[in-house]
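Since the structure comes first, as structure tokens, the remarks are kept for the end.
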Amino acid sequence: MAYPFQLGLQDATSPIMEELLHFHDHALMIVFLISSLVLYIISLMLTTKLTHTSTMDAQEVETVWTILPAIILILIALPSLRILYMMDEINNPSLTVKTMGHQWYWSYEYTDYEDLNFDSYMIPTQELKPGELRLLEVDNRVVLPMEMTIRMLISSEDVLHSWAVPSLGLKTDAIPGRLNQTTLMAMRPGLYYGQCSEICGSNHSFMPIVLEMVPLSYFETWSALMV
């Protein structure tokens with residue numbers, strides 16, 4: 001859950017988001033070391049009186065500043081590729097939910113059930129109850145079972161949208177005429193908020209996403225009532 005004046009990322013709720021946080025720290029540490037080295041060299045150049053105006057060739061230095069950046073890029077690229085392949089893997093999902101973007105709301109269809117579908121609109125500010133979040137609450141939450149692999153099929157009925165839930169490490173484009181897919185798994189119950197992350201018109205800011213992750217028994221009860 002995000003909070004006011006937050007500087008860092010949201011707490012991870014899924015294995016993918018945990019991996020993304022670790023990769024973020026890994027890349028940030030490399031950037032910090034590079035920046036420190038550059039600042040150190042600049043400070044030496046500004047304070048030393050030694051000059052090398054007559055140097056015409058320095059193959060050793062050129063070799064170092066060619067090989068070292070290549071090694072650094074490999075250290076960043078390999079973990080990144082690993083996470084990308086992990087995000088693309090969808091093995092034996094327990095549930096499939098189809099999400100369609102509209103101007104300016106989301107519709108959901110539980111494809112494993114015969115007649116379980118609904119639209120999800122933002123609740124206007126004047127209709128919010130005490131404790132509810134402005135611009136983030138919806139009239140119909142997406143209820144899903146926790147600790148289970150869920151496949152999300154995402155598309156759009158009109159313009160480009162993007163279905164994003166930061167704490168789960170999810171951000172998938174909703175493209176008209178194209179069906180994208182992603183997978184999610186929440187490790188603990190709760191409400192997880194997201195928003196459309198692709199500018200899609202005048203009410204782009206009013207397309208929130210709310211996932212309600214519950215134990216499997218609660219989900220089965222809810223789905224039976226909805227059907």
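Glycine residues also receive a Cβ, built from the backbone N, Cα and C atoms like all the rest.
The feature topological domain 'Mitochondrial intermembrane' is assigned by Swiss-Prot to 1-14 (among others), with similarity to another entry given as support. As a summary of secondary structure, the topological domain 'Mitochondrial intermembrane' (1-14) carries 0 helix, 0 strand, 14 coil according to DSSP.
Taken from Swiss-Prot, the feature transmembrane segment covers 15-45 (among others).
A mean pLDDT of 76 is what the model gives for the topological domain 'Mitochondrial matrix' (46-59). Look at Swiss-Prot and you will find 46-59 tagged as topological domain 'Mitochondrial matrix'.
Look at Swiss-Prot and you will find 60-87 (among others) tagged as transmembrane segment.
Among the features that Swiss-Prot reports, topological domain 'Mitochondrial intermembrane' is placed at 88-227 (among others), with the record citing similarity to another entry.
Taken from Swiss-Prot, the feature Cu cation A1 binding site covers HIS161, CYS196, CYS200, MET207, and the record attributes it to similarity to another entry. In the three-state DSSP classification, CYS196 (Cu cation A1 binding site) falls within a strand. For CYS196 (Cu cation A1 binding site), the same-chain residues 6+ apart in sequence whose C-beta sits under 8 angstroms from its C-beta are GLY101, TRP104, HIS161, SER162, TRP163, ALA164, HIS204, MET207, ILE209.
The feature Cu cation A2 binding site is assigned by Swiss-Prot to CYS196, GLU198, CYS200, HIS204.
Taken from Swiss-Prot, the feature Mg(2+) binding site applies to GLU198, supported by similarity to another entry.
Shown are the binding-site residues CYS200, MET207; the one with the most C-beta atoms within 10 angstroms of its own C-beta is MET207. Sequence-remote contacts of a segment are chain residues at least 6 beyond its ends whose Cβ falls under 8 Å from one of its Cβ atoms, and for the topological domain 'Mitochondrial intermembrane' (1-14) they are 20-21, 24, 166-170, 184-188, 190-193, 213.
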